[in-house]
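J.: This is the structure, below, for whatever I ask next.
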Amino acid sequence: MTTSSYFLLVALGLLLYVCQSSFGGEHVCWLDDPNHPEGICGPQVSDIVEIRCEEKEAEQGGANNARAYTGRTSSLMKRRGFLSLLKKRGKRDEGSLQRSGRGIVCECCKHHCTKEELTEYCH
């Protein structure tokens with residue numbers, strides 16, 4: 001085997017390794033995939049993401065307990081804003097969701113999502 005062939009083989013192996021490790025953790029779904037037994041689906045999604053975002057804010061030195069001093073009206077406005085954000089993000093990503101099969105439903109309902117994946121949906 002020549003040196004250039006050996007180099008090409010090693011480069012190809014490294015490229016495959018990088019691609020696999022970069023994209024190996026992504027969830028891919030199809031519409032007919034069953035929901036994960038521990039998945040978060042339906043109205044629970046917005047509640048869980050809201051809680052996770054508040055936890056993230058507290059971890060980063062934000063409000064110590066954001067839920068403690070948000071009134072009912074404020075909480076409703078936050079929820080509406082969050083749902084609006086999800087809708088906008090869903091519309092923006094609609095084409096890529098159809099192509100790649102990824103998104104909050106795929107990550108958290110069809111699969112069991114992690115705290116880090118939930119945090120990606122905070123604004």
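Heads up, the Cβ atoms here are built off N, Cα and C, so glycines get one too.
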J.: Disulfide partner of C106 per Swiss-Prot: which of C19, C29?
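T.: Between C106 and one of C19, C29, Swiss-Prot records a disulfide, namely with C29.
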J.: Between E26, E54, E107, which does Swiss-Prot record as 4-carboxyglutamate?
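T.: Going through E26, E54, E107 one by one, Swiss-Prot annotates E107 as 4-carboxyglutamate.
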J.: C108, C109: which one closes the disulfide with C113 in Swiss-Prot?
T.: C108
